[in-house]
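Each remark here refers to the structure printed beneath this line.
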Amino acid sequence: MSQKINGVKGMNDLLPGEIEVWQFVENTARTLFGRFGYGEVRTPMVEDTALFVRSVGEETDIVGKEMYTFEDKGGRSLSLRPEGTAPAARAYIEHSVSNVEPVSRWFYMGPMFRYERMKTGRYRQFSQIGAEAYGAKEPAQDAELMDVVVQFLEALGLTDVTLNINSLGDDNCRPAYHAKLVEYLNAHRDELCADCQQRLERNPLRVLDCKNEKCQAVAGAGPNVLEFLCEPCRTHFTDLQRKLGALGIRYVVNHRLVRGLDYYTRTVFEFIASHPALGTASTVGGGGRYDKMMKGLGGPDVPAVGFAMGLDRLVLLLKEGGKTFTAQPDLFIVAADVDAACQDAALALTSRLRREGFYVEFDTRGGSLKSQMKRADKSGARFSLVLGGDELRTGQAKLKPMAGGDLIPVALGSVAQTLRQAASQPSSPPSLKTRE
Ligand code: ATP
Ligand code: MG
């Protein structure tokens with residue numbers, strides 16, 4: 001017997017029945033980003049490894065430990081994208097977009113790859129939705145971006161999510177904070193985990209990001225980055241908070257928030273869910289300002305701010321909410337007779353109603369009346385219609401409301417019209433809609 005081949009560890013299949021909640025999230029995102037004027041960008045899944053090394057940073061977990069890197073047949077070092085900000089920036093620079101428009105606002109969605117230890121909400125192929133705004137250094141841009149996320153979460157019905165914000169300063173004020181932090185952490189070196197002792201040498205800011213409780217306690221009692229901000233950075237941060245207030249967006253200032261990537265300047269933010277289903281993977285998304293990255297990648301001196309949200313975690317939260325996302329058929333057509341004329345007529349009626357915009361089910365295997373009725377029941381269809389010799393002869397049939405109620409007489413030529421009428425009656429559930 002041949003051996004069964006399984007999918008790759010940490011990479012999931014999404015089958016019909018589960019995909020609908022994903023489509024709901026994706027469609028909601030498309031609608032919202034459109035309203036905010038963000039256009040979709042699609043970049044390849046694979047990039048030159050150097051792109052991530054130079055933007056995300058060699059010392060980060062993502063580049064240091066988690067990247068799927070390989071050599072192609074031409075000897076180039078390529079990597080599966082672990083995140084979407086660097087590829088979008090690369091495309092922005094490559095296509096000289098800043099020459100054409102002063103401000104560009106893009107969003108993307110799709111799979112990212114990181115070789116991580118798997119658990120709930122943490123996979124090796126996962127999906128992100130993200131947005132980037134290029135060309136505006138003003139705090140209004142940071143606020144607008146947070147507003148997209150807030151409205152997106154609202155539209156999904158996810159309310160138990162807290163926005164955390166912080167400022168990391170800039171090249172002018174961060175060095176003083178950095179020096180103080182190193183001094184402090186060195187004094188508490190023995191209390192840090194082995195990873196953090198290494199981080200202390202190479203990238204001390206990352207210690208603030210450690211999930212270990214002891215490290216968090218040490219970091220929490222350490223110097224506060226906000227006390228080191230220079231005047232322009234402080235103004236940027238207070239303006240941002242005023243604007244969030246004007247938008248009615250609730251937030252918490254969290255001076256320990258640094259985020260796992262190297263490229264951030266000034267604003268950083270995270271959206272944290274409190275639902276126990278996510279365990280330690282409670283951050284559903286985050287982002288920040290990266291005013292220096294474009295230049296660092298050989299591009300123009302253009303400021304930027306962006307965020308990314310993990311779809312897998314949003315989907316987990318939505319599933320906890322218990323709503324169903326699968327579509328309900330408007331009608332199930334049952335062919336009462338096994339003869340070819342009846343079967344063909346039922347198939348043709350199904351097709352005609354689908355062309356009219358209805359979701360119609362029909363059992364292509366034929367089978368007994370009883371088995372088809374069973375299937376109609378299971379399908380969750382709002383109505384069923386039995387088509388047999390009598391109906392074909394008289395041109396008259398009956399719509400049966402599957403939830404109970406009187407049969408509705410209908411001429412075979414006007415089933416669509418009757419279905420539409422039934423849908424517009426107040427007693428009908430809202431699911432019976434013609435699709436555009
Ligand atoms: P974490 O601290 O949870 O590892 P991160 O800082 O590495 O997150 P980002 O790089 O900021 O995550 O990515 C943005 C979002 O993408 C995260 O908030 C999370 O929702 C999602 N995400 C990141 N890594 C994974 C993963 N391996 N599986 C599923 N979702 C992920
Ligand atoms: Mg991570």
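Every residue gets a Cβ built from N, Cα and C, even glycine.
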Study note, to complete from the structure: For the L-histidine site that TrEMBL gives as Glu83, Gly84, Thr85, Gln128, Glu132, Arg259, Tyr263, Tyr264, the extra residue out of Arg114, Arg234, Arg242 is Arg114
Check your understanding: Same-chain residues six or more away whose CB lies under 8 A from the CB of Tyr264 (L-histidine binding site)?
Key -> Leu168, Val258, Gly288, Arg289, Tyr290
Practice item. Please give the greatest C-alpha separation between any two of the L-histidine-binding residues Glu83, Gly84, Thr85, Arg114, Gln128, Glu132, Arg259, Tyr263, Tyr264, in angstrom, as a whole number. Key: 21
**Study point:** Collapsed DSSP category at Arg259 (L-histidine binding site)
**Key:** coil
Revision key, fill the gap. Per DSSP (helix/strand/coil reduction), Tyr264 (L-histidine binding site) sits in coil
